[in-house]
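Below is one structure, written out as structure tokens, with a few remarks after it.
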């Protein structure tokens, strides 16, 4: 693999290999990569730029908004919307859909979480941006509406995430494998570092907030107990790895193998993660890498959304681990 393959060169290569990845799609992805550079610049200097801490408001989810959340949200909307490729957008931070600048020529829909895990930014823990791209269903971009956003995850054109950690990586899929790029600040470019990522069928880690144990249903508790039992034949016990930043936990498990779960609980019967902004894009990536993603009963990508900020339980990661989790959730074990 050529370590000096820029993300733009890679997109052009993909465009030649797969006719459905046209210049518009590669343009969309380049826009996202550019926006990620802007967010990355502020994330790495957040402590010096007075954008740490709370902004004094709450978002549509009822969560306190961090200053950096607002910055990332604004930068993504402005940087990605300026080229007229998107007719409509949806952000985890905005209650309503967003009409971007130059929307009149847009043929696509963008849904994104501008800064996932931002509650960790004040203590220098990895955070990330998650994005999802769909084709516009409306014939006329000026008529784009929330209905264009409410599409199944299986209809995604592309999805990806950017993780801002010890290095900055952009990972994406268009349905033709999963590829990762590491940002080289000396040249200011994302360079191909992880080509055709595949995730192990069996993992060795599980990621869950066990502080919610008393809120878990019996199936979830039994699955976690199963992972902790010693059985050399199945590689158990698993080790716990939980950062509390979904992008960071997912990224580690994608590369090393494992399962991330955010189940339904007695307090949150529909789960807590957002279907459109978090579960769908990560499920697309996970499946393309050979993994599996469900809500415990259904494939995530098959769920018909009814709300822009719809929530869902999530079991995602190594295929066999998720299958076992489903068996416990469905009382088959």
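Here, residue 1 is simply the first one shown, and the rest follow in order.
Note: Cβ is positioned from N, Cα and C throughout, glycine not excepted.
Together with 116, 117, 118, 119, 242, 272, the substrate site in Swiss-Prot holds one more listed residue from 73, 78, 209, which is 209. Binding of Mg(2+) 2 is attributed by Swiss-Prot to 113, 116, and the same site annotation extends, among 278, 287, 304, to 278. Record note: Swiss-Prot gives 113, 115 as Mg(2+) 1-binding, and the candidate from 92, 93, 95 in that site is 92.
Separation of the C-alpha atoms of residue 119 (substrate binding site) and residue 92 (Mg(2+) 1 binding site): 15 Å, rounded to the nearest whole number. Rounded to a whole number, the C-alpha distance linking residue 92 (Mg(2+) 1 binding site) with residue 117 (substrate binding site) is 12 angstrom.
Each residue contributes its Cα atom, and for residue 118 (substrate binding site) and residue 278 (Mg(2+) 2 binding site) those atoms are 14 Å apart. A straight line from the CA of residue 209 (substrate binding site) to the CA of residue 116 (Mg(2+) 2 binding site) spans 16 Å. Highlighted in sequence order, 69, 72, 73, 91, 93, 112, 114, 116, 118, 129, 130, 277 have their Cβ within 8 Å of the centre of the Cβ atoms of 92, 113, 115, the residues recorded for Mg(2+) 1, and are not part of that set.
Comparing Cα positions, residue 242 (substrate binding site) lies closest to 116 out of the binding-site residues 113, 115, 116, 278. Residues near residue 278 (Mg(2+) 2 binding site) in space but far in sequence (CB under 8 A, at least 6 apart, same chain), listed by position: 92, 113, 116, 130, 246, 314.
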